[in-house]
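J.: Sending over a structure as structure tokens; questions will come in a sec.
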């Protein structure tokens, strides 16, 4: 029990709700100790004094609040924020039995999202009940310890009184002996000095009176000792009753642990349900591929139909041109026929006159007949052309109807495809949410792997010879296979980014984690890997290119955009920023106006910064520059300023190699003006220096010292991770400045994510394999469940590293 809560009576808690409730000793006595505590009035009063009395004007908060009821008294005074995390909630035997026997009800048994949310809410209520019992048990232990201390104090006082009485008796015995000696001398001198005898008699009388008074005081002390002994017996009886109640609570705690194991079994069942959901998702993806194939085939049919339609239209145009030509020829033939008929008539009228031309007229008649036959043939050709034109019109109409039907079918397939893609996206979001929830419940460190793309300066060997990526649904986007010397090594992480992944795709995966800092959580994201693997590019990006901004600038933009979006809801945020680097196991303030404050010149060290942890898990760095910021533009300016101050050097493995560990910290304090709630979040973004081998980097002089310091701190980080993975009692956080600074992130209640950056070069395969193995070990570490820092409004504005 902390010193802040020692003066508060047990079973009395405060809550951050808008109403206040407390536990009365009479209700607690009726529920739990009615069969144990004696009906004696004095003992009951003593127990009530031990347990504590309720504050005036407080009401008992019903258990319905735990089940989500909102029937609260609006006229109640606001509660204090101090005290237990359980608030003023009381759990009776009936409440606990109702919680244990509660059965989950679902509107739809296939709605896994609702089932998971209900299960999480039920687990939260169960944890709240267990937390209450643990606090009750602690308060009983505290009271028992208090009574024991009082008993020991009373015993010490009794022993001191006995010692004092013994001393007094010894003094009196000495006085009596002296008086006897003086009496003998006085008797010898009685005859000579009568006056002296009278004086001796008077003194003896006074001594007797003094002895009588001492005997009276001894009798009173003995009475007080008997009274204290009676109180001690009553205290022993109360301790015995408390021990009985403690046994009952231990039995009930064991039953709750059994029920907790049952809940773990239900959680495993939920995991199996999630796996079935993954299988259904794979089936949906296969159907999606099938629909895409049908869509492609229908598109091919549509293109062929369009091509055939174009050919038919061309034929129609050709036939129309041919019909127009035939009509022109027919018109010309009709004109010729009329002309010839006129000539025949003129010749027939002149037959009588010109008999010698009879033969010519017969020839003309034959010619007219032949031309009439030609005209009939042209009429037949015209009718055939008109029939062809009508048939082409019908085929065009049918083709158009078929085209419209295929277009409707394509639209329907596209809608189905969009629905399937939407369901796929929603299922992926649900999977990520459930995965993150499981990781938060486990308390594991999340690990993302990112493979750097090939650079122009890299060797021209094929990347696929080193890394490959599984395509099965179970490991898609989460697995990576590495081949070295003909041996294949497989790893699985929370997310794997291939070389073609953009900065935007990487940030989307961590955006919800960054959002947690605004919600009052401690968040830590750090990049790990060998030198030249792309850590600084992942965290900072390329300056002057907005599309290639890193995680730090994008996180800041999201935080300030969300800050503006939450203002209509009554939230007001204050941001504080600090930046430092750890260079050769020395902390440097990158925002300090005195740029040489922490540097070493002429063998004399500059300003020394110390790391301090407080009881709440926060970390302060002494004399570190802290800047209040209002916009992302201000933070970008500070980032540019820190980038120019950071230690960078050239090696054979990297043209611009980071020679220090860079730590960016933003402390976020949010206050809701309507509810007076306050959240305190911390965002730590860390770019670690890259590990390197001296044989490859070719470092000498200062670069050699830097490499040795970097490798030593990263080795200390590995020792901490191995100790956490083995759950050892001692974790060597103090072996380096880096691990001591990251202690709250690696061993506290923080949400932690590590980026392991990998180089695709075959020459770096050994370092890449070591990095992947280290990342797998980190992914298996359990550091505890993240805790949200939510309380009532305070004036604390100190910056910490979480």
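Placement of Cβ uses the backbone N, Cα and C atoms for every residue, glycine included.
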J.: Checking feature assignment: coiled coil per TrEMBL, candidates 361-395, 396-430, 431-465. Which range matches?
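T.: Checked against TrEMBL: coiled coil maps to 396-430.
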J.: Quick one: give me the count of other CB atoms within 10 A of the CB of residue 529 (ATP binding site).
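T.: Cβ-Cβ neighbours of residue 529 (ATP binding site) within 10 Å number 28.
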J.: Could you put numbers on the helix, strand and coil content of the region 'Disordered' (197-220), residue by residue per DSSP?
T.: 24 helix, 0 strand, 0 coil
J.: Sorted by position, what residues of the same chain at least six away from residue 534 (ATP binding site) have a C-beta under 8 A from it?
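T.: The list for residue 534 (ATP binding site) reads 450, 452, 757, 759, given in order along the sequence.
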